[in-house]
Amino acid sequence: MALINKSHPEEFILLGFAHRPWLELPLFIILLITYPMAMIGNIAIILVSKLDTHLHSPMYFFLTNLSFLDMCYTTSIVPQMLFNLGTSKKTISYLGCIVQLYFFSIMGSTECLLLALMSFDRYVAICRPLHYTLIMNQRVCILLVSIVWLTGMIYAISEASVTVKLPLCGINKLDHLLCEIPVLIKAACGEKEANELTLSVVCIFIVAVPLCLILASYASIVRAIFKIKSYEGRKKAFGTCSSHLIVVSLFYGPVISMYLQPPSSTSRDQPKFMALFYGVVTPTLNPFIYTLRNKDVKGALGKVMWSIFRPK
């Protein structure tokens with residue numbers, strides 16, 4: 001690794017897939033296609049949820065927050081990736097790296113909590129239907145979303161701040177596509193076992209605890225669904241929950257493999273593929289999953305498209 005005469009370099013060299021240069025062009029093309037798809041899909045979800053009065057419910061309020069979060073999440077990394085993959089310059093300034101580190105961490109931790117909140121909303125809707133409008137009123141929804149965003153920010157800022165203070169001993173090469181907490185911990189010099197332990201412990205609260213709440217919510221939901229006598233009622237209940245379960249699986253799987261193990265134990269390419277998955281693939285697929293598996297969203301989207309493109 002290249003060394004310079006101060007702990008923090010002026011810029012980092014992001015090695016990415018430098019050892020596999022044949023991957024760079026296909027990855028550039030994929031990102032060039034998926035990024036606009038992610039932006040258009042999530043903007044469509046937000047607009048449809050706002051314009052169609054039938055979607056003015058807690059479920060779609062949380063979904064618009066997820067779509068906005070996914071737009072920010074993927075925007076925090078994809079433009080930089082496209083620039084590095086499309087040019088011979090594979091660098092990011094130290095300040096740019098720190099900004100990306102904070103932003104990416106805030107979006108990731110907030111999404112963990114928001115997915116748990118969305119599962120709680122489904123739990124109340126299916127297991128406590130008579131009290132749903134009372135429990136999940138507008139004031140409570142705004143309060144819960146505010147708590148989720150604030151908690152995600154507090155966690156991310158505190159964890160990223162500790163990571164930024166780690167000595168790099170002049171190391172200015174990062175074997176990754178972006179600036180991420182486990183990667184900077186792995187690149188740091190000196191004793192870093194305490195930081196790895198702290199990251200694992202904190203991630204238990206920000207990743208494992210919300211996941212346990214999601215699993216507990218859906219265990220209760222499944223029991224409640226099987227008590228519904230009508231086939232149509234069960235089908236509708238499963239339909240409203242299946243999209244969320246798919247999104248949870250796509251997001252939490254890579255996050256757990258990345259954050260709930262010591263950074264020093266990960267393979268060389270694992271962090272890169274995991275970051276691409278939860279930072280690019282999941283935000284791209286989310287709007288399509290919710291649209292294709294939800295009749296209300298499909299119907300509302302059709303109405304909006306018809307109102308825009310209908311003959312005058």
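Glycine too: its Cβ is placed from the backbone N, Cα and C atoms.
Copied from TrEMBL, the annotated features are:
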TRANSMEM  25-48  transmembrane segment
DOMAIN    41-290  domain 'G-protein coupled receptors family 1 profile'
TRANSMEM  60-78  transmembrane segment
TRANSMEM  98-120  transmembrane segment
TRANSMEM  140-158  transmembrane segment
TRANSMEM  199-226  transmembrane segment
TRANSMEM  238-261  transmembrane segment
TRANSMEM  273-292  transmembrane segment
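Mean pLDDT for the domain 'G-protein coupled receptors family 1 profile' (41-290) in this predicted model: 85. Highlighted: of the candidate stretches 25-48, 199-226, 273-292, 199-226 has the greatest count of Cβ pairs under 8 Å to the transmembrane segment (98-120).
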